[in-house]
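Taken from TrEMBL, the feature domain 'C2H2-type' applies to 10-37, 38-65, 66-93.
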């Protein structure tokens, strides 16, 4: 029912951030505590999210999973490819 009413069950006592799940509140609290539970074993880089560490590890493995089908540009982050594709869109205008 809380989805339909907009009710938020979990609330941060420091800033008032509200969410529906305690796991989301726990992630949010890392911004206040500075906690960085994920660490790269190669270089010591620390981050708050497992997804961020996974992306970081591509620097060490050389994995380049994103490729432009128009020109062959390749990169290790989806956001880089999206930014690159905008250049092609601008060229077509």
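Positions of Cβ are set from backbone N, Cα and C atoms, glycine also.
Automated prediction, rather than curation, is the source of TrEMBL annotations.
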Distal contacts, the domain 'C2H2-type' (38-65) - CB-CB under 8 A, six or more residues away:
27, 30-31, 74-77
Tell me the residue counts in helix, strand and coil for the domain 'C2H2-type' (10-37), as DSSP assigns them.
12 helix, 4 strand, 12 coil
